[in-house]
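K.L.:
Not my notes, these are from TrEMBL:
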- 32-461: domain 'Major facilitator superfamily (MFS) profile' (DOMAIN)
- 68-88: transmembrane segment (TRANSMEM)
- 100-122: transmembrane segment (TRANSMEM)
- 128-147: transmembrane segment (TRANSMEM)
- 159-178: transmembrane segment (TRANSMEM)
- 190-212: transmembrane segment (TRANSMEM)
- 272-293: transmembrane segment (TRANSMEM)
- 313-330: transmembrane segment (TRANSMEM)
- 342-361: transmembrane segment (TRANSMEM)
- 367-394: transmembrane segment (TRANSMEM)
- 437-456: transmembrane segment (TRANSMEM)
Amino acid sequence: MVLLPAGEQRSPMKGKRSLQTVVEDIGFGPAQIVAGVLGGGIWVADGSELLILGSVTRAVSDEWNLNGLQRGLVVSIVFVGILLGNTCSGPLGDGLGRKLPILLSYLGIALFSVLSASATGFWSMSGVRMLVGFAFGLGQPAATTLLNEVSPRRWRYMLIGQAMALFCFGELYAAWLIWLDDPMMKSLDWRWLCMVGAVPSIVGLVLGYLFLDESPSYLDENGYREEALTALESLKARNGAVSISCEYETAVGVAQTPKSVRDHVVTIFSPSLLLTTITMMYSCFMLNLVFYGSLYAFPQVFTDSNNSSHSPAMVLMIGAMVEWPGFLGAPILEKFITGKTMMLCSSSFCAISLLSLVIGANGHGTLYGMLLQFGFIGIKTTISILFVTAYTLASSAFPTAARTTGTAACVAAGRVGGILAPLMFEQLRYAFGGWEPFFLVLAGGYLLNFLVVCPLKLDAEEDGDGENLPLVSSKPP
């Protein structure tokens, strides 16, 4: 049965009904949970593979006598692949559907992960791992868009947030495998780990092929009305919404949607969307720059600082645990404030936390220690909230015809931030002789993010039929 309270489930509407109205009437239930698990499985595979890769770097280095630069590149090359995959996911998802990129992503992760176990040196491993990253990047924007389009508006933050939070389950699976192989991580069998680490993607491929439905919005937008009705009937059946009619009125001109890559790109950079696109790309760039930059820098920060009452390793474990409340907090906060307000508050709070971290690490005493811990926990929590908020808004900010392209552009901008973060940290530390300038730059970047988001219209509105309008305006709300 539908999980919406009985008082909120609406009866079939008379007269004009849009496709989105039908989705709202069907409500939230098992259909969205199935889509969330099968689409979110991309993040399970991502978490598993990235943790395994980071854990076996030492074993691979010992076997092949890699230098420091090569060890770093084996990991960094994955993010280059993810960037390329994100870039390709948009046109593929808007041209051929949301389901196909997700299935290709599962297939690629499984295939290239197993192939990486047969690598014989630095170059072969780097090439295969870039392909693994490409497979990750191919599925994530399409999965985010699919979940946005099959979920009632008030449940989108929860659904997308928990799909992203499945990354943690991938990490737990990988940690369990590592514990089975060698709890002390001294003599890991990295080839075995690479192969069994592909299991989540194999399971996701099989289940996704059998049970994941195509987006009805994509089908309707491209003129496949009967297929769209079938997809809506599937949502209705899984949710037990037997009293809801799936009939809707097709929007004028949906079958004339341009399908070329160039037209999709032109759409998201058109005058009415240009400011929105650039701002959302910058927001995604900043949150990845802060997340991966702090992940790289925190071990050095807490090793140098004497203001923490815990060991550096324990502090990092605490940081991992406080990320989950952020993923849970975003959907809860969205019930009370708009996504734009949540992004503005989180951006300013993240900037304050970054400054607090710098101040706390450069003083002595209880007060400075509290500032250090406040800054650390504040960064970890707000970044999780921003991940959910930014990517949910990004997947809603574009018209259906170019939605995956717009989402992919934002995700790709985020990947650039992930690639640049360690390099920026090292260059600023070399130039100024300390890690503090890096965090000051991040704080300034988030203050700028606050300013550029303010004038944008980022929260969906409904038309007279209850359909969420695409956010094609950059005018102040």
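Cβ atoms here come from the backbone N, Cα and C positions, even for glycine.
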K.L.:
May I ask you to check whether the transmembrane segment (159-178) and the transmembrane segment (367-394) make contact, with contact taken as at least three Cβ pairs under 8 Å and only pairs 6 or more apart in sequence counted?
P.N.:
yes
K.L.:
Quick one: do the transmembrane segment (68-88) and the transmembrane segment (128-147) have at least 3 Cβ pairs under 8 Å, skipping pairs fewer than 6 apart in sequence?
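P.N.:
When sequence-distant Cβ pairs are counted, the transmembrane segment (128-147) touches the transmembrane segment (68-88), since at least 3 lie under 8 Å.
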K.L.:
Within the domain 'Major facilitator superfamily (MFS) profile' (32-461), what mean pLDDT does the predicted structure show?
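P.N.:
In the predicted model, the domain 'Major facilitator superfamily (MFS) profile' (32-461) has a mean pLDDT of 83.
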